[in-house]
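Colleague: One structure is given below, represented as structure tokens, and several questions about it will come after.
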Amino acid sequence: MRKRPIGQKVEENASVEEETATQVCKSACLSVWDSFLLLDSQYSAQMAVCATKESSLASMRPLMKLLEISCHGVPWILGALVLFFCSHKPSDIEVAFNMLIALLFDLVIVGTLKIIFQRSRPSHNVMDMFIAPSVDKFSFPSGHATRSAMMGLFLCIHIISNRLLIGVTCVWALSVSISRILLGRHHIFDVVCGFCIGLLSYYMFLKAWVSQETILTYLDSYFGHVHL
């Protein structure tokens, strides 16, 4: 019987030890992650004080629902379309067109991430949302949080100039995000990550901003008869 060289045995043992260490490390990381998600679920349940009509702050549920509708994708997209069709100045047309594209960009990012992670919504959530697509059965990330952060920045930088209104917009964006937890729609981690993703998405979108010249060039026939 042919014996294996000593060097080969050492390499095999080292490979086995490395594989075992990798498995241990992976198992430990998964255990920590599961513990984190469990804590996230527990604290989220404690903060869901408006989740149902029997919750401790159920009287505030209508306000939370109002905040929910104020940042729903459908009204925002319709609003961007109305702004686009009603604009006559080239600068206003540019802002309206890019707002519409930014909203669609946000939907693509959130929808993609929801499909990838497929985290279930909190067990205490009551699915009575206004026009909820099938992908909204997943919780991570919070689409309202991403949209409120992204549109809050968009409004403050490109549309609103009054300091008071800028402050109101910032409060609105934060209130929408917090309401997702209080209403029991999302876990805390979903909302925090969603808000950060919204901020990052805005700056990513700026790199693809469609200039006024480009818009007028490609849509000159329409703008020439309606807008200008």
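Quick reminder: no glycine exception, Cβ is built from N, Cα and C everywhere.
So TrEMBL lists the following for this protein:
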- 95-206: domain 'Phosphatidic acid phosphatase type 2/haloperoxidase' (DOMAIN)
- 66-85: transmembrane segment (TRANSMEM)
- 97-117: transmembrane segment (TRANSMEM)
- 152-175: transmembrane segment (TRANSMEM)
- 187-206: transmembrane segment (TRANSMEM)
Colleague: Tell me if the transmembrane segment (97-117) touches the transmembrane segment (187-206). I count contact as 3 or more CB pairs below 8 A, with pairs 6 or more residues apart.
Modeller: yes
Colleague: Which residues of the same chain, at least 6 past either end of the transmembrane segment (97-117), have a Cβ under 8 Å from a Cβ in it?
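Modeller: Hits for the transmembrane segment (97-117): 73, 76-77, 80-81, 83-84, 135-136, 138-141, 143, 146-147, 150-151, 154, 158, 194, 197-198, 201-202, 205, 208-210, 215.
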Colleague: Per DSSP, how many helix, strand and coil residues does the domain 'Phosphatidic acid phosphatase type 2/haloperoxidase' (95-206) have?
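Modeller: Final tally across the stretch: 83 helix, 2 strand, 27 coil.
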Colleague: For the domain 'Phosphatidic acid phosphatase type 2/haloperoxidase' (95-206), report the average pLDDT of the model, please.
Modeller: 91
